[in-house]
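> Input: one structure, supplied below.
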Amino acid sequence: MDEIKIPKATARRLPLYYRYLIFLNDEGKEKVSSTELAEAVQVDSASIRRDFSYFGALGKRGYGYDVKNLLNFFKKILNQDTLTNVALVGVGNMGHALLNYNFKRTNNIRISAAFDINPEITGTIMSGVPVYDMSEMKKQLREQQITIAILCVPQTAAQKTANEMFDAGIKGIMNFTPLRLSAPSSVRVQNVDLATELQTLIYFLDSDKDKNKK
């Protein structure tokens with residue numbers, strides 16, 4: 001299939017659609033409308049139709065979408081048949097939680113190596129994942145051909161650690177540190193700031209309260 005250019009917002013929604021289509025398929029449902037899909041994933045139906053339009057004719061007017069066909073299509077688009085090994089860099093509280101989780105709800109992503117400086121956990125297996133000393137990171141990333149990593153180190157060590165990851169061939173980082181990393185143009189960084197997300201949620205809740213008072 002030719003490469004399809006889609007907006008970032010659309011790309012973020014594709015896994016939502018895919019997960020719900022898995023549910024519908026497991027329930028034995030054969031077709032779904034954009035309205036039903038919108039209610040389930042909390043995305044308006046116009047956005048769903050626009051998202052799907054980037055991939056051509058996926059449904060029929062008046063019929064909706066064939067669940068099995070749509071599921072197979074997004075399975076291919078999201079590369080669900082290929083296992084992606086991910087490195088976890090930093091096994092503190094957040095890193096430990098991610099190790100325990102280890103994407104058990106997905107079949108195509110797993111944390112296969114973790115790195116830390118704590119001698120009490122390096123050289124051990126945690127939640128089925130080997131934990132290496134940070135001094136081995138570049139060597140292990142290269143040998144295991146890992147190109148995606150989750151960064152959970154303290155903010156003060158984030159950029160230095162990221163630079164070493166770039167040198168080892170990392171092409172994508174999910175950054176759980178508060179620092180906005182300086183990265184080469186060839187590397188994609190996805191920032192995950194839980195404090196900011198919570199503050200945004202609180203802001204909207206407070207705004208809703210103010211509206212209700214009027």
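Glycine residues also receive a Cβ, built from the backbone N, Cα and C atoms like all the rest.
Feature list, courtesy of Swiss-Prot:
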{"type": "DNA_BIND", "residues": "16-55", "note": "DNA-binding region"}
{"type": "BINDING", "residues": "G90, V91, G92, N93, M94, G95", "note": "NAD(+) binding site"}
> Which residues, same chain and not among G90, V91, G92, N93, M94, G95, have a CB within 8 angstroms of the centroid of the CB atoms at the recorded NAD(+) site?
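Going along the sequence, the neighbours come out as L88, H96, A97, L98, D116, C152, V153.
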> Taking DSSP states H, G and I as helix and E and B as strand, how many residues of the DNA-binding region (16-55) are helix, strand and coil?
28 helix, 2 strand, 10 coil
> Under 8 Å between C-beta atoms and at least six apart in sequence, can you list the same-chain neighbours of M94 (NAD(+) binding site), or say none if there are none?
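In sequence order, C152, F176 meet the Cβ cut-off.
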> Mean pLDDT, the DNA-binding region (16-55)?
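Summarising the DNA-binding region (16-55) by its mean pLDDT gives 88.
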